[in-house]
Every structure is written in structure tokens, then in C-alpha cells.
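Asks: Quick one: the structure is below, questions incoming.
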2 protein chains.
Amino acid sequence: MRLRNKPWAKEKIASYPHYVIPHPEQYKGRWKEVFGNDHPIHIEIGTGKGKFITEMAKLHPHINYIGIELYPSVLVSALDKLIENELPNVRLLNVNAKDLTNFFAEGEIERIYLNFSDPWPKKRHEKRRLTYRAFLELYEKVLVDEGEIHLKTDNQGFFEYSLVSFSQYGLVLTYVSLDLHHSDFAGNVMTEYEEKFAAKGNRIYRCEAKYPPKHRFA
Amino acid sequence: MRLRNKPWAKEKIASYPHYVIPHPEQYKGRWKEVFGNDHPIHIEIGTGKGKFITEMAKLHPHINYIGIELYPSVLVSALDKLIENELPNVRLLNVNAKDLTNFFAEGEIERIYLNFSDPWPKKRHEKRRLTYRAFLELYEKVLVDEGEIHLKTDNQGFFEYSLVSFSQYGLVLTYVSLDLHHSDFAGNVMTEYEEKFAAKGNRIYRCEAKYPPKHRFA
């Protein structure tokens, strides 16, 4: 995503601590308290301008959503959607996904969404891809037993890479679509990026993968 | 594939017992004797007119290939290619893949090729798809430990199905291409079907999957 410089973004984010949690490490293991209920928690890594997460939150009021986004200039748009919609089941974190285990305890998350992640196509950047082995290890640490990753992308190379990376890690693919917008998948919620690229006629790829039971090495 | 009736096909096949093995069950566990060496054996299920297997056999003289094809009217074209090329490392079987364990002993096969298999798109025909769970069990019985399946198809639905079926069975995807003819995959040998469909601009999908170690349940 091209980033516009918005020097006021950080300040705006800081003024809505109820929506963009300022020191999320203090809620590690206690996110149920933040939401005031014990509904399942789904996180989106790279939540961007927040269309996906806010629409999902409206459709699924009994799921709690946490959107993680590194860039304040983008996150501020997601914040605007929260302010406008007053959604009780969404929070945002302005943090780096690499630090995920600082913010969430083991088994605290039920599902991770990866939507149109940066594909980092150069081989030497493989470690930055959000489906690289080290990230899959990280996700496993915060997910429940047999937790899920739901991934969408328009990038063919990143999708091919992710399928193999998931499989080699031991995740089981439970759903694959190689052309989501011409499939019978119901209830797709589009991201901003997805709308733009689908309008150009790009194929959207989607998969769901499930971690193996944690007792597999026991 | 549309089948032309060739009443003479069975007769021609019967007259080349060196190429199309008449009673393959008698060689179960003894295919090394048939080839006169202990090179790895790769089989193609649904070998069709034999372009793939004969070209592969020329490129890889230290691999033994067995092509399996149910329809005599198609297999006869593969036979013609063997007669013309005098390839010592290819045999053909005019049998049904369902009976695979009648012809091969455990661990006798290193790799299985599935090229442009009938996709059987209707849900009620799922059991006929060559990547249905029951077939994956069958293949495992004749494959070596961590044996491989290499699959190509132009059928999107069949490819999606196969990726999920492989993964759910416990196979590990080691390679996925969602557009083989525009990838950097080297050494692709095209089937007759592949040439025709690629010429129309259809995408060709390809994957490699590996069985888990057999001691996994030990």
C-alpha cells in the first residue's frame, strides 16, 4: 500500500485509547476483560483501512475482533470507521506483528486473518512474508488448539508460497479457492484493496488452514 | 477425453505383450525383474495417448515408467509410441487404477503422476476423483516411504479439491504452481491434452505432494 504522510495520525490515534489500545502488552491474557465477555477473538494482521474488520464485526457481533496495523497513517482510517460505527467488538493495535506474543497469551486467539499481505516477492525477503515459517510459529503460540488462519491475496506467487509454507509447517488446508469472486463462497467481506484489484479483473485467491493438535509431539 | 471406438485396439494390444503387460498381477513385487534393473519406478495413472510417459522415459533413462490406462482405444496410441521409440524403460497396463494393489507390492513405486485426470465435478461423483481419500490410501499402499504424487490439471475445481484432499490426508505440499506455463518450472513435459488446452490460453495447475513417513502412527 502506498503510504501518505499524515503527521496528525499518531496524535489522533492517541486520543482514542478505547479503540486503539495504547499499551496492549498490559492486556496479555486478559483480553476478555477488555471486551467484557468471553466471545472468541479473531485478529487481522495488517488491518489497513479497516473495512474488512469493521464489516466482519457488524456481521458477527458475537466475535471479538482485533486489528493489528503497523502504519498510523493507515490505521487512522480504520479508527474513523470505529468512531463512526461505535462497534463494541473491535479494538485496534498500532504494533508490529513480530511482537505478537507480547500482546497475547497462549490460546487467547481463535483465528488469524491475513488479507492481501505484502508479498515480498524477492527470495531474499522471504523472512518478511507473513506466512514464513517463523511467523507460523509465532501464530501457533497465541492460537487455541487447532486454531485457524484465513488468507486472501491477489498475488499468485504469495499464494503458492503460502500453501506450501502452511503445508510444510504441518497446517492442514481445509479450503482453497483459486478464484474467490467466481466461486460459490458465501459471505465474503471485501477489503479496500480487494475491491480495487477485483475491479481490475485480478483473481482473488483464498484459503483456510488449521493448525494440527498441539499434543502431536507429546 | 472423447473416446473413438477402435474395435481392433484390444487385439493390437494383445499382440505386444512385451509393452502392454497382459497379466500384471503376476509381477506384483517383481517389477525389477520385468525391467531387468532396480531403478526407481514411477507410474502414471491415466496415461492416455502416452506422450508424457514416453518423453519422460527418454529424458530419464534411469527411471522405469509404467503407464496405466483403462481404455484400449487410447492406450493403443501410447503403444504406438513405444513401438516407434523402442524404449526399454516403459511398460503399459490396460487396467483399472482401483485395482492398483493387485499389481504392485508395498513400497514398489516411488512416484505417481496424475495428469489431467477426469475432474468428476459433480459432488455425487467425488469418489471417482483420483485424488479422493480412498485413492490416496490406495497409492500409499504401493508407494515407498514418503512417496510422491505429481499432479497437473487445467481444471480449477479439481485442483482446489486435490490440494485440500492431499492436505487433509496428511500429505505435505512441496510445490504448487497456479500457472505452470508462465512459471520458472524447468523441464515440463506436456501431455497431448496439456498442449491443446494451453494453446487455448487455459492455465495449467501443478503440484507435488509427499506422503508423511509411514512410522507416524507407530
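Note that Cβ sites are derived from N, Cα and C of the backbone, with glycine treated the same way.
In TrEMBL, annotation is done automatically, which means it is predicted and not curated.
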Asks: TrEMBL has A:E44, A:N96, A:D118 down as binding S-adenosyl-L-methionine; which of A:E69, A:E146, A:E148 does it also list for that site?
Replies: A:E69
Asks: Which range is it, out of A:46-51, A:124-129, that shows up in TrEMBL as region 'Interaction with RNA'?
Replies: A:124-129
Asks: How would DSSP class A:E69 (S-adenosyl-L-methionine binding site) in three states?
Replies: coil
Asks: Excluding near sequence neighbours, so keeping only residues 6 or more apart in the same chain, what lies with its CB under 8 A of A:N96 (S-adenosyl-L-methionine binding site)?
Replies: A:L70
Asks: With A:Y193 (substrate binding site) as the reference Cα, tell me which of the binding-site residues A:E44, A:E69, A:D118 is the closest one.
Replies: A:D118
Asks: To test your reading of the S-adenosyl-L-methionine site: which residues beyond A:E44, A:E69, A:N96, A:D118, same chain only, put their Cβ within 8 Å of the Cβ centroid of those residues?
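Replies: Surrounding the site, in chain order, are A:I45, A:G46, A:T47, A:G48, A:I68, A:L70, A:Y71, A:A97, A:S117, A:L130.
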Asks: Measure from the CA atom of A:T191 (substrate binding site) to the CA atom of A:E69 (S-adenosyl-L-methionine binding site) and give the result in Å, rounded to a whole number.
Replies: 14
Asks: Is it possible to list how many residues within the region 'Interaction with RNA' (A:124-129) are helical, extended or coil according to DSSP?
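Replies: Helix, strand and coil residues of the region 'Interaction with RNA' (A:124-129) number 5 helix, 0 strand, 1 coil.
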Asks: Which number gives the other C-beta atoms within 10 angstroms of the C-beta of A:T191 (substrate binding site), all protein chains shown included?
Replies: 24
